[in-house]
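K.L.:
Have a look at this one.
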There are 2 protein chains.
Amino acid sequence: MTVKNAFYAQSGGVTAVINASACGVIETARRHPDRIGRVYAGRNGIIGALTEDLIDTSLESAEQIARLRHTPSGAFGSCRYKLKSLEQHREQYERLIEVFKAHDIGYFFYNGGGDSADTCLKVSQLSETMGYPIVAVHVPKTVDNDLPITDCCPGFGSVAKYVATSIREAGYDVASMAKTSTKVFILEVMGRHAGWITAACGLAAEQEGEGPHILLFPEIEFDPERFLAKVKETVERHGHCVIGVSEGIKGTDGKFLSESGLRDAFGHAQLGGVAPTLAQLIKDKLGYKYHWAVADYLQRAARHIASRTDAEQAYALGRAAVEMALAGKNAVMPAIRRLADAPYRWDIVEAPLAQVANVEKFMPRDFISADGFHITDACRAYLSPLIEGEDYPPYRNGLPDYVRLANIAVAKKTGRDFQV
Amino acid sequence: MTVKNAFYAQSGGVTAVINASACGVIETARRHPDRIGRVYAGRNGIIGALTEDLIDTSLESAEQIARLRHTPSGAFGSCRYKLKSLEQHREQYERLIEVFKAHDIGYFFYNGGGDSADTCLKVSQLSETMGYPIVAVHVPKTVDNDLPITDCCPGFGSVAKYVATSIREAGYDVASMAKTSTKVFILEVMGRHAGWITAACGLAAEQEGEGPHILLFPEIEFDPERFLAKVKETVERHGHCVIGVSEGIKGTDGKFLSESGLRDAFGHAQLGGVAPTLAQLIKDKLGYKYHWAVADYLQRAARHIASRTDAEQAYALGRAAVEMALAGKNAVMPAIRRLADAPYRWDIVEAPLAQVANVEKFMPRDFISADGFHITDACRAYLSPLIEGEDYPPYRNGLPDYVRLANIAVAKKTGRDFQV
């Protein structure tokens, strides 16, 4: 059989488990030396391919590669950079082919979300459009959980476990303090367009009266009056109120609430921070003492409390991507198929990239309760398996022992620079 | 021997391990039925004693009490309420005696920080000042780590482990993204007066170039120019910059930075949030893309990543408090004594409450580097053992399985109400 090298790159916002997918790709490729030579990783994602800044992963020991499985973030660097269409930017594609050819690359693995699926699809068509033979497989990843076909997206389950755990813990805390001190606690989570992560907060409320009591989804228009009434009712009933809010909630004017409230000392709009905006509203209108937290990167990087399900799926999808490529599949993405909720069973199927690229999956309306402030049992049944199981990293000196690879560059061969 | 009941209460801000101390108190008391009858807990701290709202912990099974050991927050409710002096508010003390007498209470265990130590001291003097025989022992607790005599305070080690882990994880994340996106990440942590928690962030920086690169302590006056120069230098050198900041940093005007920057839409000062204030400063002056997080209650409630050392010490101090009381010690606090840094060894000694009450322990200046932006090796040697070891809670449905006690009230006997 012909031996070709493989290119692997990470794209977009990184997650607690994207390196587990990288680990799945590299370890599986290493088991097929008759077909795959070296795995070159793009330094900072696809930019590494365009600038011929490739990392030779074959120079890393098996032990170091194995440690990727429990290391958050993007070990080779990621980027936010979307290839334009062939018509708009043909020279980018010519450059990719130049680099691929120079390094004998026959496999392209792209690990990212919806935009990346689109890039991967374009690369998969290079043999057709530009006569360069390549097999391109997309490895799904996004904390936003918004890719179609796949039942869930690696990275999401771990964020879900983190936010549900964190809001439970903070909820216990504020319940202890409410008699004489803090009565309202607000946790702001990611999810600018879809409320998947906010919904995951809801998993913490298993018993009557347990927080979070209110969830604010980007899918539901924010109505200050209804919200304040709900906060008041909750404090009067339970003595305290725990709120999970998406960074992306919008007011009746259609603007992000995070952009409408705060001003700095010069009157400029303060970017980010819907939690403090809500806290101020509650303070002004209801007078309750509050605390708020913004989890930001902490939530998507929290490998220390990753979901075992999520970590396993991330690895398995990396492995499946290589297996699909070796089977000659082009322009596909391995996807999770759910076979049963409880006990949770899943397998991996092939999704055609043409059906994945640029398609967003939204949260079903029946996952949100009728009043818009919580999740339904259907949502709970969907989410619960995704946070199942723990998968602790090893610790050294009291801290998670994450790997930093040497990331040694491959010698350049094209003899020219390329500006991105 | 005479059998007397015991009173136990939690005070001030709760922690990830204060219930472990409660567990130590209750389990130890149960092993001495010949001396201690029932342990009554104050509902919402000392307020429960004043209002005769007592919880009968003897109605909880051994299994439920054992679960306190891994449950964050204050299981019986805490409060922020400081007894005034005997001269200022004699009727409060008369009421305490009335309630203690009605419920045959001979032991008083108060679990809190500096203010609580003062309250405990006053109660310990009741036999002398008001002729009511009682043994009062203080159980230390505070994430602020500011109690004297004891080498460290239960609650702090777990916050330290949480913030160091979180800033390491977020640091890996931003390092992955820095090429095309976020270059600066800011984590705001607790510590209004002392930089202990901020210092703990520094433990994450073990290798050259690893974040956090900059720490901002409340002990060091914030100088915007020096700070911005350091951020710029760090980004130019490492490609990104990770910052840990105390909520309590102050500007040259002596005001909290968190109160000087943001205004809401009506021009009111926005309370809290030094991280967004710094982020805006960096954006305005240096133009870097940023992300920020405010951990708030998440950090002190994060039992899921508690330090094993901390959890063990919290339990041991609860146990020691009961043992000291049984030995007839009054007006004392069991304190941690450090015997060695590495391997870490400690034991428990007696601290006279008169030397603990209202005394704050500050961070030594030689724990902060000369430039004021990081910790020294001396600081690292002090902090490292405190985050050593993991002590995971059990999980159910993918979430930490924390206990909620029944908290059944003791029948009132005094026949009168008391307003607090």
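Placed from the backbone N, Cα and C atoms, the Cβ positions cover glycine too.
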K.L.:
Select one of A:E87, A:E91, A:E247: the residue that TrEMBL places in the substrate site alongside A:T142, A:V143, A:D144, A:M190, A:G191, A:R192, A:Y297, A:L298, A:Q299, A:R300.
P.N.:
A:E247
K.L.:
Measuring Cα to Cα, how many angstrom lie between A:R300 (substrate binding site) and A:G13 (diphosphate binding site)?
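P.N.:
Here the two Cα atoms lie 9 Å apart.
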K.L.:
Quick check on the binding-site residues: of A:G13, A:G191, whose CB has the lowest count of neighbouring CB atoms inside 10 Å?
P.N.:
A:G13
K.L.:
Could you measure between A:G191 (substrate binding site) and A:K141 (site 'Important for catalytic activity') for me? Cα positions, answer in whole angstrom.
P.N.:
15
K.L.:
Checking A:G13, A:K141, A:L298, A:R300 - which of these recorded positions have a CB within less than 8 A of a chain B CB?
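P.N.:
It is A:G13, A:L298, A:R300, listed by sequence.
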K.L.:
Using C-alpha atoms only, work out the spacing between A:T142 (substrate binding site) and A:G13 (diphosphate binding site) and round it to an integer in Å.
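P.N.:
About 7 Å separates the two Cα atoms.
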K.L.:
How big is the gap, in Å, between the Cα of A:D115 (site 'Important for catalytic activity and substrate specificity') and that of A:E247 (substrate binding site), rounded to a whole number?
P.N.:
21
K.L.:
Using only C-alpha positions, which one of A:G13, A:K141, A:D144 is spatially nearest A:L298 (substrate binding site)? These are the recorded positions in the record.
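P.N.:
The answer is A:G13.
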K.L.:
Can you give me the Cα-Cα distance between A:G13 (diphosphate binding site) and A:E247 (substrate binding site) in Å, rounded to a whole number?
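P.N.:
Cα-Cα, rounded: 16 Å.
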